[in-house]
Structures are given as C-alpha cells and as structure tokens.
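Q: First, the structure itself, so that you have it in front of you.
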Amino acid sequence: MPKLWQMDDYNECLESPGPGEPPGVYCGLSVVLKPNNRSELWKLIEEFSSDYKRHYNHQVLKWGVCIKRCQKAIEKLSPAERNALTVEPFPIDVRYKFNDGILENIPTYREAYHDVLEICVNKELNDTYGLVAHTEILSCDKSTDEVVIDALDMSFLIVLCALVCFVTLSSWYDSSINYKRTSDHYRQPLDSKRKMVWVSFSIQRNWYRLTSRSKDELNQKLRFFQAFRFITLWFVIVGHVSMLLSFTPTTDSEKLEKIMHNVGSMILTNGVQFTQSFLAMSGTLLSIQFCSFAEKRKGKVSFLYIPLAILYRYVRLTPVYAFVILLHATWLLKLQTGPLWRWGAETEQTSCRRNWWTNLLYINNYVHADEPCVQQGWYLGAEFQIFIIALIVLVTIVRIPRAKVPILGLVLLAGYVIPALFIYYQKLEGTYIITLEAQRYIFWYDKFYLHAYIPTHINFGNYIQGVLTGVIYNELQKRSINLAQSKAFSIVWHLTFVIVFLSMLPSYMFYVNDFPTPSVWMAAYFVVSKNLYGIGAVIVILGCIYGVNGVVKRILNYPFFEPLGRLTYGGFLVHFSVMRLMFFSVRAPVHYSDLLALSLVFGATVLSLLMALVLCLLIELPTTALQNHIFGSFKDQKSNPVDPETATNGNINPGFEGKKSEL
C-alpha cells in the first residue's frame, strides 16, 4: 500500500532563491485515493482500512510537496497526459482535512497550485501503484513569508514585560527590607498588609512558598496528594505522547497498527480513563476540607458561601490559564516552522482567537468543543462545573443533615444513570474508542471524544464518588475507626492496583467487534467500567490517608514531591505547548520505537515542569498571594469552605489543587 506519509525536503525547498527566481513554496497535502474496483491494491486498501478502530484509513495519505520539484516533474507532459492525470470530483465521505477557515490563505494557495500538485501527485501514484487521487492543499509555506506582529501579539509582550517588572521590583523591595539578611525573612509575614501586597511578586518569598511544607495535622495526612498530582501529570504526558506519535509522520506506521491488535494495548488506550481516578481525588479533597470547615462552624454554612467560593476558585485558577491561552493565540505559531507546524500551531491560534471565551467561562467541553483552544482545558471546564454541583450538594447535606444519605444516594445514582442514557441514545460503544484515524486530527471531530469523553455528564460519577468518600472519612474520624487496623481493607487495598489494570483488558472486545447499537448492556458496561477507576482511586486514597502500607506512604510523602505537586497545574497547562514544539517541528518522517517514545515522555516532562516553574513564580503564586489579601477578611472569619490555604503554609487546596489532579 502507499505510505501514509511522504515528504520532500522542507529546508532544501525553502532555501533562499537566486536573483530572478520565484520563491520556494512547500505545501502540505491530503491525498484521497479514488476508488478503483478493478485494482487489487485498492481492494486491499479498502479492506484493511475497514478495521477503522485499529487501523488508519489508508485511503487518505499525507504528503509534503515542494512546488519546484513538481513543476520539473510534469514540465514535459503533454496537455493530454496532464488532462488524464486530473481527477474529476468524486464523493468523499471520510475525514481528510480540518474545517475550512482554520488555516489562513488556503483558497489563494489552492487557486495557484492545485492543478500542478494534483497532476504531480497523480503521476507518481499512477506510475507506482496504478491509482489516482483527489489532492487537497492543507497549508503552504513560502521562502518569502515574514513574521507579522499584530496588536494581540503586542498585548502578550506588554503583559509579559509587566509581569517581569512586577517580579523584579517586588523582589528588590523584599530584599531591601530584609534588614537582618536572613532567609527567615522570606518565610514570615510582614508587619503590615501594604507591605505584604508589595512583596506578593517577590521571587524569594514565592520560592519558599513553593518549597515549604505544612505542619497542619490534616494537611500532613493529605500530603501524599502532591505525589499523586505529579504522577498524574506524568500519565497525562505518556498518553499525549502516544497520541501525537499517531499524528506525526512515521516511516513505519504499521507498528502502531500492530500495537492496536494486542490485548495489552488496552492498558495504554484505556489509560485516558485514569482521568476518572483523579476526578475522584478532587472530589475527595473537596469533601474532606468542607466537612472539616463545617465542623468548625458547627454546621452553620450558608448557601451564600457558594457564589463566593466559586468566585474565589475562579480567581485562583484563571490568571495563569488566561496567560497560556494568550500565548497560544499569539506567539506559539511564531516559535517554530516546518511542514506540520501550521497544522499543529495555527489551528491552535485560530481556535484560541475565536473561542477563548469558552475557556474562561469553563464551558469549553460543550461549546466549540470540536475546535478547542488549549485542548486539554476540557478537563478544567468539566471539573469546574462538577465542583459547583458538588459544592451545592455539600452545603445542602450540612444544612439538612437528616437528608444526607438520600441526597448523596440520588446524586450518585444520577452519576451512573445519566451517562448510561446518553451512551444508549447516542448509539455509542461500551467503552471510549480511541482510533488512530481520530488522532490524525487531534480528536477534534471524533464522535467518541466529543460525546463519550469530555462532557461533564459523562465524568460526573467519579467526582461524586470522591465526595462520598470524603463524607465517609469524616464519619470514620468521628467514630475513631482506623482502617489500617482492618486486615480485610488491607487486602482489598493491595488488590485494587491489580484489579484496576485488569479491568481495562475486556475493552478489547469493542475494538474487534461491531456490536449493534443502541445497546442496554453496553451502556451499563460503559458506566460501570468508567466508574470502577474512581472506586479504585478512592480505596487507594483512603488506604494512603490511614497508612495501610507504610512504605508506600513514606515514598509518597518524600519532600521531593512537594514542589513537584504544586507545579503540576502549570505543567498541565503548558505540556501540550511543549509537545507541539517537539512533535510538530519535524521535517521528515521519523522511525518509531519504544526508546523514542520514552525519551519524548521524559523530555516533555522536564521541559513542562521548567515552564511551569516560570509560570508559578511569575503568575500563579503572586496572584494567589494577592488573592489572599483580597479575600483576607473572608478567610480571617474562617468562612471559606473551599480553600483554607494561606499565603505561606502550602496547605492542600481542594479547589485549586484538585485541578492539578488531571490526567
């Protein structure tokens, strides 16, 4: 079969032309093979591609072509030969490009180069395989292209310069009032609120905030969550490396297809479901902290705290998020070049300039989800929405304690029934199907991704299971029950790790079979298997809180994880930017290997954490410090039910820190 990827030399094509020569032009193409039932090769392609869950669609090829080479290749063809290599329009019912309007100037390039490219491509296909194709220009780069800076680009530079100035001045001021020249100065609050505002951006003070450890009893019990957050980010990167390897050109794409024929590959493909365990973790943190707060208030928690708590969390999450969105809308595209770069970066720029507001309103997992800005931000939207629901539920059960059990039971039932109904009526499979073909378009238009992965109603159950776990933990504390003393729980806790991994394997049956839909049993299987991850997560969490395995807890409580855990929110926001730079800047197909994948995972992890450190010291911790002063009176009255973290003690924060627990 024709190779999925074929690329001319990008750098050679765009070398500066000599005097009087036309500029070099390099175009990225989608080549859609025309059906030909008289060709045995076409029949093979059609049959092989019909296994769409495990194979690429080999009818759609991706080529990178130099215009100069094509012009030379067809210059000696007669008009009749050229006409024979021009393909008449034919029905195309497969995805082969991004929607029109995503990439700029494409109509101009199509008008100028379409005929030349189609004849050139078809000459090669016909000579080699006896096939012809429809050729669609996706992007073109010219040697004369110049970087254009607009007002939005300038606004990013202004914001960045302002932040650097704030950090510089605040650090200088903090150092100038350190009369004793001791490091303890940066660990202690100053004697006036005005001074604390001035040192909010102090890099020395924020460094100590980043690396400090809380001495609060509850936060010492929950300290292992910092390790969980870091491990979470690592799993996110592993999954996204796998996805982008399927997007970028490889010399041996059949290796990826062979992996999909392995039952063990379900651990990789279903790894995306680990998101559910981290939603459970977020719900558990929120519930534990809220129950602790409610006890201190003796159950006197007003519904008026809900909007204030939502505002507090919004203010904490959004500044660094907005900065990353602005980066994607402006300078990300200008950081690299390459035959794939516009596919990977200009698509992001266009979406962020169009749809940035959906991210800042945290509705991006529903509105314009098929053209996302900061694609991993779907989780932020889903979790923010569930957080609001969970907070209402928690306030309600505190206000009406007699209805605690039925309210939690009904909400948990809704978390199971609602996703099942959607799976049934949308005629979806019994698991979230990850296809190689969907990954070629970064899942933008994939029905499984849009309807069975990112919606809030699909991800609701495990967060509520986490909330229920927090309530159960609170009851265990009241009754002085120590789960570490239960041999039965200890056995269940250790078996959970094995059971969760083994539970992924049965999903393979949905990749090798096309069961009729809608199906009641598949809808039920989807919900049970999805929520099983959350059940496993809350069992692990309870075991770690009580120290069922002392060795594991000591490892998770190692000080090394403290700053890494606090960097994971920023790391989660920027890791895809880092990976775009790593993957979409390639100039030619690469050889896929396990060693390559491993090196990309560790490279992306290190670079993401380094960028997260910059964001943390430049935006995240300074804005958190300012927020503590803005909400100071609110916190002084101990009325904040969602974020008891102070400016310096590094407590666990179920609102902000729960966000860091994303897959």
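Note that Cβ sites are derived from N, Cα and C of the backbone, with glycine treated the same way.
Remember, TrEMBL labels are computer predictions, not curated facts.
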Q: According to TrEMBL, which stretch among 358-374, 443-459, 460-476 corresponds to the feature transmembrane segment?
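A: It is 460-476 that TrEMBL describes as transmembrane segment.
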Q: Could you name the stretch, out of 267-293, 488-511, 564-583, with the greatest number of CB pairs under 8 A to the transmembrane segment (595-619)?
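A: Selected stretch: 564-583, with the most Cβ pairs under 8 Å.
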Q: Would the transmembrane segment (460-476) count as touching the transmembrane segment (154-173), if touching means at least three Cβ pairs under 8 Å and pairs must be 6 or more apart in sequence?
A: no
Q: Determine which residues of the chain contact the transmembrane segment (531-552) at the Cβ level, with the cut-off under 8 Å and only residues 6 or more beyond its ends counted.
A: 221-222, 224, 273-274, 276-281, 284, 415-416, 461-463, 465-466, 469, 472-473, 482-484, 489-490, 492-494, 496-497, 499-500, 503
Q: I need to check the long-range neighbours of the transmembrane segment (405-425): which residues 6 or more away from its ends have a CB within less than 8 Å of a CB in the stretch?
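A: Those are 389, 393, 396-397, 451-452, 455, 457-458, 460-465, 467-468, 471, 518-520, 522-524, 526-527, 530-531, in sequence order.
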Q: Counting only pairs 6 or more apart in sequence, are there at least 3 Cβ pairs under 8 Å between the transmembrane segment (267-293) and the transmembrane segment (154-173)?
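A: Counting Cβ pairs under 8 Å, fewer than 3, so no.
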Q: Using a Cβ cut-off under 8 Å, which residues of the same chain at least 6 positions beyond either end of the transmembrane segment (564-583) come close to it?
A: 210, 225-230, 232-233, 236-237, 240-241, 244-245, 247-248, 320-321, 324, 327-328, 332, 335-336, 340, 344-345, 348, 374-377, 600, 603-605, 607-609, 611-613, 615-616, 620, 650, 656-657, 659-662
